[in-house]
Each structure stands twice: as structure tokens, then as C-alpha cells.
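First, the structure itself, so that you have it in front of you.
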Amino acid sequence: MALISRPRAPLWLGRLSRRLCGRHQACMGTMARPRRFTVELPDCSLTHFVLGDATDHRDARLAELLGPPGRSYALCVPLAPGEGCGPRVQAARVHHRLLQQLRRGPLQRCQLSKLLGYGPGDQAGEAQHGFLLRDPCDHPDTRRDLLQLLGSCQEAARPQLAEFQADSQGLLWQRLWELQGDRQVQVDCACVLPAQEPHLHPLLPDLLNSAVFQDRDAARAVLEECTSFIPEARAVLDLVDQCPKEVQKGKFQVIAIEGLDATGKTTLTQSVSESLKAVLLQSPPPCISQWRKIFDDEPTIIRRAFYSLGNYLVASEIAKESTNFPVIVDRYWHSTATYAIATEVSGGLQYLPPAHHPVYQWPGDLLKPDLVLLLTVNSEERVRRLQGRGQEKTKEEAELEANNVFRQKVEMTYQRMENPSCHLVDASPSRETVLQKVLELIQSSGR
């Protein structure tokens, strides 16, 4: 079943590809719109390419990325037809499962990169998450293994396998393959051409209500889709449904304190609450924190819905406690949104949503704090503190330590939050100095 691989295809293959593409486009007519793709490179830059008709244009960067030596493959997870968030949840689960399968077994021989497919417009629902796989040794069984993996998908919207190949004239082609019985069948082809970088990251239209939720109902709808395969989702929903939809803050101050790893946030929140005789709350709250590990292992849309609903549970507690005492909140909506944006938007700092984008705006139905403080430390102090830490870390905390670009994206995203914005506090000095500074900020904001 395996086919013989060659570094470059013969001349007749390029001619055949052109004829196949012409027939396909004639049959599809105006329905066949070019698909665009973006790939994150090791230096955190993004490269874009589009599928279209053959031209004489050759792009050295694309040839190096997708052409020989070795062989490259791509797959994107499509959305199934349907209304609501069900298709997005299903696609996210397929993508998550494929990632786990690609990281084990014989397909570990392939190098993985993030791939995003998107349409020519900027409408939500066009983005398709996927993978670019690079087989440096061009193993003869890689295509077969990938087709069998995709063939095991039971979902209606099944991913297709694309393979990249250069012809004798140096043009790059993408060919779609299917496994029909025990035969590998090519079902489509198109020429791979460079594309201009869009003005905004192509994922931005899909960020809202897929990673950053604008209201309680949007997050709730996602977990509702999960109750059949995550029993704990029903328990979370039951707790949320016990909370009134509209809550109001009491007469006392509500202060949210945010901070990256090694900023001393946990210690500071305790000290501030003791100094002010305030109630200390955490997000997610203890009533659902027992299920964090379960949801941390789920795809982004499910994980973020869980943390978003945790904020609404905390809001109910804030409303109750702030009638009698000041309230200090250890993390709130800003951290939920910040990590979602920094994780989902591929590439470096320049690809983040621009300032004043809707993803930086506080949800209209979530109780708002009076003041949000963001603790920061300089790099030297951060390294010193991290060396003394041994507690278990979340995936995102581990990423913060290992990936400086991700850390910069998190910091920049925090600083772009609005309504309310974050007040930066340098937490590098001694604990006593930082505590005094924070208490002064709280006092001045309450005047």
C-alpha cells in the first residue's frame, strides 16, 4: 500500500496536477474558494500561504518549509454543520485527540507545528485548527499511518490529509488524500502560493466565545455540550444555576490581585486581606477547584468555559461578602482572558489583538472590581524566586518558565485590559515594601 517517494516529482506529474486542478475547479465552480493557511515558525513568526492555480512564482521560504528534503503533511479539523457551540466543541475535541495521537507511536518521527486554516473574509467560524507535520526522513509509511489515523475518526466532519510535493519545475503542490478500502486515493490538488499577511491575526474573529467568553450564557452553553462525556460539567452547571444572574457589589471595596508566577501574589493577597480585615476569595472557588485537573486536560474552549463560569461563582460570593467587609480576590476575569489570548494567538507579540479590541473588555454581566492590581517582578528576581519553588505547576505556569515569548505575550495582554485596566505594581522589593505600596493604592482608590 505504501508508494515510492521521490525528492522531486517528474514533469508529467506537474502537468497532471494542473489538469486535475482544472477539472476540480470546473466542477466546483464558484463554491471552490481558496483556503488560506498560517504556520507558526520556530522563531515565533508566522508564514502564510494560499491554494490556487499554478503560476511561475516560486517562493524560497515556502520551498524550505514545505518542500524537500523530507516531506510535509497538513491536516485541519473542519467544523461540522450545525448551530450553536456544539460543532466547535466537537472540532476542538477531535483536534485535542489527534494531538495526543500524533505525539505517540510511529508518528512521533514527524515534527509538529501549529497550522491554522482560514477563509478570505474575517467572519467567525472560518478558522480551522490543525497541524503541519514534517517527516525529515520521508518514511514510506507516514502517509499510510496518517490516513489510518484520520480514518479512525468517527465524527461526521472528518479531517483530510494534505501532502506537499515539489514538481520538476520547482512548483509546490498540495494534494488531498483519502483511504478508500486499502487504497490511497488522491482526491484533489492545488498549487501552493505565498500569501500576504492579513492585517489582523486570522484567529481573532473566533476568539470571542471560543476562548474568551463575553457572558455567562456563552460559557454555560459550552459546558452544557460536555455533560455527556464530562460528568463534572453537570455539577459545575448546577452550582452556576444556583447563583442569581444579576448581582451587585456591596458598599465595601473589591480588589482583584493578578500576577504571574514568582511575583508573590499568594503571600501578598493573604497579607492585604489581614491588613484590611477583608474576606479573601479565589478564582476558581473551592467549590469547583477539585475539578481543575479534569478541565485542564480538555481543549481550550472547554477549559476556558470552566474558568469563566468559576468567575461568575466568585462574583456571587463577592456580592454577598462585600456588603459587610472589603473583599480581596486572588485572580479574576483578567487572568482567565489573558492566558486564553496569549495561548491561542500563535506567533509573537506583534500578532496579539490590537489595543482596545473587544477581547480586552470586561464582560457586561460580570460583577466588576473597584481596583485590579497586576504584580510584576524583574527578570533577575523572578529567576531567584523560581529556584526556591517546588510546588506542582499548571501547563501554563510551566510554559511561562520555559518560553520567554509566551511570558511577554501574557504581560502585554494584561496591560491591554480595559474597563477596568490593571494597575502595575513592582513586586521585586521586599514583601513589606510591596505590601505598603499596595495598601496605599487601595486607600487612594477608595477616596
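First residue shown is number 1, and so on along the chain.
Cβ coordinates are placed from backbone N, Cα and C, and glycine is handled just like the others.
Keep in mind that what you see is a predicted model, and the values were worked out from it rather than measured.
Take a look at what Swiss-Prot says about it:
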type    : residues                                                       : note
BINDING : Gly259, Leu260, Asp261, Ala262, Thr263, Gly264, Lys265, Thr266 : ATP binding site
COILED  : 380-412                                                        : coiled coil
TRANSIT : 1-73                                                           : transit peptide
If H, G and I count as helix, E and B as strand, and all else as coil, what does DSSP give for Gly259 (ATP binding site)?
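Its secondary structure by DSSP: strand.
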So of Thr263, Thr266, which of the binding-site residues has the fewest other Cβ atoms within 10 Å around its own Cβ?
Thr266
Determine which residues of the same chain, besides Gly259, Leu260, Asp261, Ala262, Thr263, Gly264, Lys265, Thr266, have their CB within 8 A of the center of the CB atoms at the recorded ATP site, and list them by sequence.
Leu375, Val377, Ala427
Indicate whether Lys265 (ATP binding site) is helix, strand or coil by DSSP.
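Going by the DSSP assignment, Lys265 (ATP binding site) falls within a helical segment, counted as helix.
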What number of additional C-beta atoms lies within 10 angstroms of the C-beta atom of Lys265 (ATP binding site)?
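The answer is 20.
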For Gly259, Gly264, listed as binding-site residues, tell me which one has the smallest number of other Cβ atoms within 10 Å.
Gly264
So how many other Cβ atoms are close to Leu260 (ATP binding site), meaning within 10 Å of its Cβ?
22
Looking only at the coiled coil (380-412), report the model's average pLDDT.
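Here the predicted model's pLDDT, averaged over the coiled coil (380-412), is 73.
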